[in-house]
């Protein structure tokens, strides 16, 4: 099986990189298939303070850069190609990319998930420049500033409360007249003196020249439009969007079992419903999506893939 890899990994975020590292260290012929953007969501994170052992000056790109170095040190092959189709029906799995076709004994799907966008003008252009989708990652950049949180579910309210530890004022902007978060979470939120609420309101536009400088909001009931401008002493403010995630699972739809929201269910060993196919990182059904959990998933998936190969392909 000269042209067949032992392990092929789709996705090059922390989960995919960790899987490649563990696969290569185990002397598996390992292929890391990267899309056009290496590193996943973490590359837009300025600082990574919650990854165990990270140095104070660690950034998302620097952490990913070190992971890439380790992957190369242990001999994993890296190919930049967008996988457009997969065939998991046979013992040897086939992955079809824009640049070529790849075959492997085991496949690890680590395609990740993307935060849902608010969908207003200026959002994409100012992501990482005041617009964020991760309070844990970026809260301290808004120390003693004003912050707006878009959303009204559990995550939005919990992240808003976390942000009150840093910001002087946090305003939850919710399109409905009441929160969707669990009652216990709401009770805590309403007792927090630094939390404010804009009901029946949506964000219409985010403005700024290289940094968030103002935001336009519209009341869905009255039609009233208001614009918040960054206080002169701050120069900017934060906009955190928490309206859910979109799993990047279109590639495996109809090929693997997905839950009702599009995530891949696995067991504790990262096994999917298809023999020889594993899933790791944010694409999985899981309770916490962080760099540390993604790398753990990747490590487990690679180790289990190795065991699967040794059992099924034993000479």
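Note: Cβ is positioned from N, Cα and C throughout, glycine not excepted.
For reference, Swiss-Prot has these:
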type: BINDING; residues: 34-41, 282-291; note: FAD binding site
type: DISULFID; residues: 134-137; note: disulfide bond
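Look at residue 134 (disulfide bond): DSSP puts it in coil. On a Cα basis, residue 134 (disulfide bond) lies 23 Å away from residue 34 (FAD binding site). Packing around residue 40 (FAD binding site) is summarised by its Cβ count: 28 other Cβ atoms lie within 10 angstroms of its Cβ, all protein chains included. Taking the Cβ of residue 137 (disulfide bond) as centre and 10 Å as the limit, one finds 21 other Cβ atoms among all the protein chains shown. Spacing of residue 289 (FAD binding site) relative to residue 137 (disulfide bond) is 12 Å (Cα to Cα, whole number).
All protein chains shown were included, and the count of other CB atoms within 10 Å of the CB of residue 134 (disulfide bond) stands at 19. DSSP classifies residue 286 (FAD binding site) as coil under the three-state reduction.
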